[in-house]
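Feature annotations, courtesy of Swiss-Prot:
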| type | residues | note |
| --- | --- | --- |
| DISULFID | CYS22-CYS70 | disulfide bond |
| DISULFID | CYS38-CYS62 | disulfide bond |
| DISULFID | CYS57-CYS93 | disulfide bond |
| DISULFID | CYS60-CYS69 | disulfide bond |
| DISULFID | CYS84-CYS107 | disulfide bond |
| SIGNAL | 1-20 | signal peptide |
Amino acid sequence: MNVLLGGLVIFATFVTLCNGSCYLMPNKMVPGDSTKECTDLKGNKHPLNSRWKTENCDECDCLEKEISCCSLVAIPVGYDQDNCQKIFKQEDCKYIVVEKKDPNKTCEVTQWI
């Protein structure tokens, strides 16, 4: 029993860390319209039960009543902020942490959110 409980605690912690930045948008259905799709914030249409990645590094799901989106970006917080800086790489949807004096050298990161 303790093993199961411990496993659930670890799983819940992992899920919390992975889903740190999510949001929901209502899926605007027009009464009498039988189309099964979602319209994102840019006006693009997506089939029901589909998944896509936005240019803002969110992963979104088209559900029947809503669009669910979660950030794919982990933000570094455990690093030497006096000597290092974080740089966002849009094309990879990730941060790198480098030395301020020599941006060719990476810094150690001990914690991400």
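Note: Cβ is positioned from N, Cα and C throughout, glycine not excepted.
Most Cβ neighbours within 10 Å among the disulfide-bonded residues CYS22, CYS38, CYS69, CYS93, CYS107: this distinction goes to CYS38.
Using CYS69 (disulfide bond) as the reference Cα, a 10 A cut-off selects none from the disulfide-bonded residues CYS38, CYS93, CYS107.
On a Cα basis, CYS84 (disulfide bond) lies 42 Å away from CYS38 (disulfide bond). Here the C-alpha separation of CYS22 (disulfide bond) and CYS93 (disulfide bond) works out to 16 Å. Recorded residues CYS57 (disulfide bond) and CYS70 (disulfide bond) have their alpha carbons 9 Å apart, per Cα-Cα distance. A sphere of 10 angstroms centred on the C-beta of CYS57 (disulfide bond) encloses 16 other C-beta atoms. Separation of the C-alpha atoms of CYS60 (disulfide bond) and CYS84 (disulfide bond): 32 Å, rounded to the nearest whole number. For the pair CYS62 (disulfide bond) and CYS70 (disulfide bond), the Cα-Cα distance reads 12 Å. In the three-state DSSP assignment, the secondary structure recorded for CYS107 (disulfide bond) is coil.
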